[in-house]
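The feature active site, electrophile is assigned by Swiss-Prot to His97. Under the heading active site, proton acceptor, Swiss-Prot lists Glu145, citing sequence analysis as support. Feature annotation from Swiss-Prot assigns substrate binding site to Asn13, Phe14, Lys15, Ile150, Gly185, Ala206, Ser207; the stated evidence is sequence analysis.
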Amino acid sequence: MNEIKETPIVILNFKTYLESTGENALKLAKGSEMVAEETGVNIMVHPQYADIYRIAHEVNIPVLAQHIDTIDAGGHTGSILPECVKEAGAVGTLINHSERRVELFEIDAAIKKADSLGLSTVVCTNNIETSSAAATLNPDFVAIEPPELIGSGIPVSKPEPEIVEKTVESIHNINPEVRVLCGAGISTGDDLKAAIDLGSEGVLLASGIILADDPKKALLDLVSKI
């Protein structure tokens, strides 16, 4: 469970790797909790839906869903009911990840639905323009992630630092309440420090930690320079 604290923020997306499924997911979440307790960094995890309930009831860090569908309870077989992820113990959700894109009107509907349930929202975007549009919808977070860098090991802060800086500036001009995160290619302490130096409040990452030989050690390295 648990509320989302102040910066710095590390959001660990479990995606659908076997390394972050079932027992592995629980182990990863507990390791994340240990790092959060040892360092004071606000670490949040996004497990797969079937793992939310167990993880949310066994760790004391925020657990969020990877997606919600903008549906009401009823005949929607296979859909992700927002009330269900809340009942399972999630305190928020990703929206519009590059691997689960939705239309702008769906982003708007998902934010409003999440707000009505008290779920925090992290909207993923791919450029400055999309980030600015998302900011008008009043999410809690916008995470800028150029899709070509996701999983590349090349952090956006290196080839395109201006994207982060201009996204932060644009969003804060539109809606200063929205907190900006940086994603794509993040894996080291230098990457996180650079993201914060560019004006973001934290990072969204996955494979750099999930697929590491020692995920806990990788997380400790990630937060070592802030």
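Every residue gets a Cβ built from N, Cα and C, even glycine.
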Among the binding-site residues listed here, Asn13, Ser207, which has the most company in the form of other Cβ atoms within 10 Å of its Cβ?
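Its Cβ has the most other Cβ atoms within 10 Å: Asn13.
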Hey, of Phe14, Glu145, Gly185, Ala206, Ser207, which of those recorded positions are within 10 Å of the residue listed as 'active site, electrophile', Cα to Cα?
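Hits: Glu145.
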Could you give the Cα-Cα distance between Phe14 (substrate binding site) and Glu145 (active site, proton acceptor), in whole Å?
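Cα to Cα, Phe14 (substrate binding site) and Glu145 (active site, proton acceptor) are separated by 16 Å.
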Count the Cβ atoms, other than its own, that fall within 10 Å of the Cβ of the residue listed as 'active site, proton acceptor', considering every protein chain shown.
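If we count other Cβ atoms within 10 Å of the residue listed as 'active site, proton acceptor', we arrive at 25.
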Is it possible to get the count of other C-beta atoms within 10 angstroms of the C-beta of the residue listed as 'active site, electrophile'?
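The residue listed as 'active site, electrophile': 23 neighbouring Cβ atoms within 10 Å.
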Need this for a regression test: binding-site residues Lys15, Gly185, Ser207, filtered to those with Cα within 10 Å of Glu145 (active site, proton acceptor). What's left?
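Correct set: Gly185.
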Around the Cβ of Phe14 (substrate binding site), how many other Cβ atoms lie within 10 Å? Please give the count over every shown protein chain.
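Result for Phe14 (substrate binding site): 23 other Cβ atoms within 10 Å.
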When you measure from the Cβ of Lys15 (substrate binding site), how many other Cβ atoms are you left with inside 10 Å?
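Here the count is 19.
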Let me know how many other Cβ atoms fall within 10 Å of the Cβ of Gly185 (substrate binding site).
25
